[in-house]
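Participant: After the structure tokens below, expect a handful of questions from me.
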Number of protein chains: 2
Amino acid sequence: MVRMPTTRPYHHGDLRAALLTSAERTLREKGVAALSLRELARDVGVSHAAPGRHFKDKQALLDALTLVGFERMARAMDAADDPELPLERRLTALAKTYLGFAIENAELLELMFARKHDPDVSAQLTAAVDRSAEPITRLISDAQQRGEIIEGDPERITMVAAASLHGLAAFTANGSLPAEASLAGLDEHIHHLLHGLRPR
Amino acid sequence: MVRMPTTRPYHHGDLRAALLTSAERTLREKGVAALSLRELARDVGVSHAAPGRHFKDKQALLDALTLVGFERMARAMDAADDPELPLERRLTALAKTYLGFAIENAELLELMFARKHDPDVSAQLTAAVDRSAEPITRLISDAQQRGEIIEGDPERITMVAAASLHGLAAFTANGSLPAEASLAGLDEHIHHLLHGLRPR
DNA sequence: ACCTGAACACCGTTCAAGT
DNA sequence: ACCTGAACACCGTTCAAGT
């Protein structure tokens, strides 16, 4: 027998997921400041106290969104990494993916890097952060082994590359640099990162 | 005749300034999320509606803080720039100043780059942002003229340098990279920026 | 186990009224 | 000109009570 939709179609088992989906939508459309647990509850058709069952407080919801963000980014970066590619093209592909994520998820990116998270989630969060940085770490160490990247502490060199990409992504996500200009200049940006600003 | 302090010592003409000072203190100590106009009014000894005389809404106060931040940063960058220095040392000095600002004003930096500002202040804000970026812009064009930096669109090259510094500052301000590690690695970071990650 | 409704202590913003 | 006090419509969080 088929269950007919009632006046309250869902929120049986997946209230948590529904809240996260709705929260991300609000985040994208109106920004973090506009995110209210009560409004979220209304949007999802549940009492204002119901979210409390799934998130101990508002910060817990923001932390969950952050985690979702890093996991999504990690998947994207992982999928974009092709170890067969020559170094510069390989790095450009990763950078483009990062930049694309930043453009498509500007508000989420801000939340992800806002470091307000509860210590409770920090273990999962650290894992997700590491996973999303791993393709770049791997690229650097691969290239070092081939002698295509200078020698020296791989962590520091990875940090130089990551800072360069993150700075560009941050300027793009916050509107300092228009998305088109950012994407159009990406190849050159990576070239400069690899070859330096001093003449050779 | 000396005015004895009354129960309400100030808030005559400088309520606006007092609110900004108090707001920055709260920002530094407890973060943006903890910033409330009503609490600010209490701290400063004034009715909860008084701030409304000086800031049309909460965003206006945040915008004013952002402006103060960029002006302070601009002054610091300007004071740190020494055109007599050789390129790498000159750039390192600017980077160190930027990083120092980011460490000392981590919460403020986040606010400054959060792009939520009202269009009203955007003219002043744009000017302050430009002024704080100018030392780097100037350094790049000086060095280009001397042939110490590669040719090409100076704006793009400035963006490469700025992204690198901003990425490092952002990772430091948000705790991804401890301040000490960040400062300790700064010389090398700048070296890599100038010389590239590929072996020469 | 999961959700509701009422309650509490906060908010930001507005607006008449006071000085 | 600058500030107050009351009012309004919101919040987040908690907790007994319901199913």
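Positions of Cβ are set from backbone N, Cα and C atoms, glycine also.
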Participant: Quick test of your reading of TrEMBL: among A:36-55, A:116-135, A:136-155, where does it put DNA-binding region?
Facilitator: A:36-55
Participant: State the mean pLDDT for the DNA-binding region (A:36-55).
Facilitator: 97
Participant: On the DSSP side of things, how many residues of the DNA-binding region (A:36-55) fall into helix, strand and coil, could you say?
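Facilitator: Computed counts for the DNA-binding region (A:36-55) are 12 helix, 0 strand, 8 coil.
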